[in-house]
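Taken straight from Swiss-Prot:
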- H243: active site, charge relay system (ACT_SITE)
- D288: active site, charge relay system (ACT_SITE)
- S385: active site, charge relay system (ACT_SITE)
- C62-C81: disulfide bond (DISULFID)
- C75-C90: disulfide bond (DISULFID)
- C125-C181: disulfide bond (DISULFID)
- C138-C191: disulfide bond (DISULFID)
- C194-C308: disulfide bond (DISULFID)
- C228-C244: disulfide bond (DISULFID)
- C354-C370: disulfide bond (DISULFID)
- C381-C408: disulfide bond (DISULFID)
- 102-202: domain 'SRCR' (DOMAIN)
- 203-432: domain 'Peptidase S1' (DOMAIN)
- N128: N-linked glycosylation site (CARBOHYD)
- N176: N-linked glycosylation site (CARBOHYD)
- 1-30: topological domain 'Cytoplasmic' (TOPO_DOM)
- 52-435: topological domain 'Extracellular' (TOPO_DOM)
- 31-51: transmembrane segment (TRANSMEM)
Amino acid sequence: MESDSGQPLNNRDIVPFRKPRRPQETFKKVGIPIIAVLLSLIALVIVALLIKVILDKYYFICGSPLTFIQRGQLCDGHLDCASGEDEEHCVKDFPEKPGVAVRLSKDRSTLQVLDAATGTWASVCFDNFTEALAKTACRQMGYDSQPAFRAVEIRPDQNLPVAQVTGNSQELQVQNGSRSCLSGSLVSLRCLDCGKSLKTPRVVGGVEAPVDSWPWQVSIQYNKQHVCGGSILDPHWILTAAHCFRKYLDVSSWKVRAGSNILGNSPSLPVAKIFIAEPNPLYPKEKDIALVKLQMPLTFSGSVRPICLPFSDEVLVPATPVWVIGWGFTEENGGKMSDMLLQASVQVIDSTRCNAEDAYEGEVTAEMLCAGTPQGGKDTCQGDSGGPLMYHSDKWQVVGIVSWGHGCGGPSTPGVYTKVTAYLNWIYNVRKSEM
């Protein structure tokens, strides 16, 4: 049989008719296996994550050799991992060291240097003072920032000798045989732009505080739970109380939240290191100070800014107005922790009154401050620990750290604070050790 074209038909030329596959059949044959594989992979990932969460919660993994130890063995002072990594990322005691040989005075932030030859302090003359010397002075105090300095006139009541200085990248030194200060001026030095807030507080009495009034306040949290307050000193460092960390020594479980007056309403920042002052066995309530180093530096903004450290000669007389802030309990017994940052205006209480028989009976030492109100009612409670006691001159300074007290807001037992001026050298040395 031939085709119309005259060519014989060949069975091989005939294309068999195939019934098109319906979409439903294609899905059953191809889609379902793919989905099954994806779901299996997702299930495996979820199971792996759950296993990791459980392991991380109860166990620590030692690297070499691979072993598991219980979380309770972390930071217990014993090397349970062969290579000792279970004791590496722990809260560290930082001992007292020799004092830093530079300081700033409340007299116009003038720079003073310790004369190693005589053991006395001298104000620094502006003659031949350079930006390099300014950076060296600031680095001695633990500041790694661009300093600002200017000349200020020597006043007639200047009570320290005036000296020219020299130095290297490590420290300033009094220049031997330096001439008189020809410029008639001292060095006024600022190592960091600090202590500025966008709003001035106007209300008192434990009321809600806007975040831009206190942009240096942070929440320090352990396993996502607020434990203590703290104060931003610079992009890397947070100042707080040592007792916040006595029970929880694993640094990796601590986080810092900054930039919000609502508890838990800002991203958490990982912590690199925590240093606490070595405790004094004779006075266990002393040395309640700690520094937290962040893994990444803060970016300053209207709601994230540093507070100033006090000047070395800053003295607060009784009745000086100061401020306290925090997310503490609103009542002494049975109250709940505030979700909003609270502020209160208080005043410095005379240490003699604070140590009276109806108060703290001599427990308050020279390294502490008392603050409250004579009638009581405005104070700090649990949860405010580590937060700042603040004083305003031309800028805000953190003069105290919330430390301890009996009750909350009692008229005879005001709050007790770590006196920051007593620990300036400790702060300088800790920061300098990490530069």
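Each residue, glycine too, has its Cβ placed from N, Cα and C.
Other Cβ atoms within 10 Å of the Cβ of N176 (N-linked glycosylation site), summed over all protein chains shown, number 10. Cβ neighbour density within 10 Å is lowest for C81 among the disulfide-bonded residues C81, C408.
For the pair formed by C62 (disulfide bond) and H243 (active site, charge relay system), distance between Cα atoms is given as 28 Å, rounded to the nearest Å. Note on proximity: of the recorded positions C81, C138, C228, S385, the one nearest C370 (disulfide bond) is S385, by Cα distance.
In space, D288 is the closest of the recorded positions N128, C181, D288 to C408 (disulfide bond), judged by Cα positions. Nearest neighbour of C354 (disulfide bond) by Cα distance, taken over the recorded positions N176, C181, C194, C228, D288: D288.
In sequence order, C125, F126, D127, I154, V162, Q164 constitute the residues six or more apart from C181 (disulfide bond) in its chain with CB-CB distances below 8 Å. Spatially, by CA atoms, the active-site residues H243, D288, S385 include one closest to C191 (disulfide bond), and that is D288.
Around the Cβ of C194 (disulfide bond), a 10 Å sphere holds 22 further Cβ atoms from the protein chains shown.
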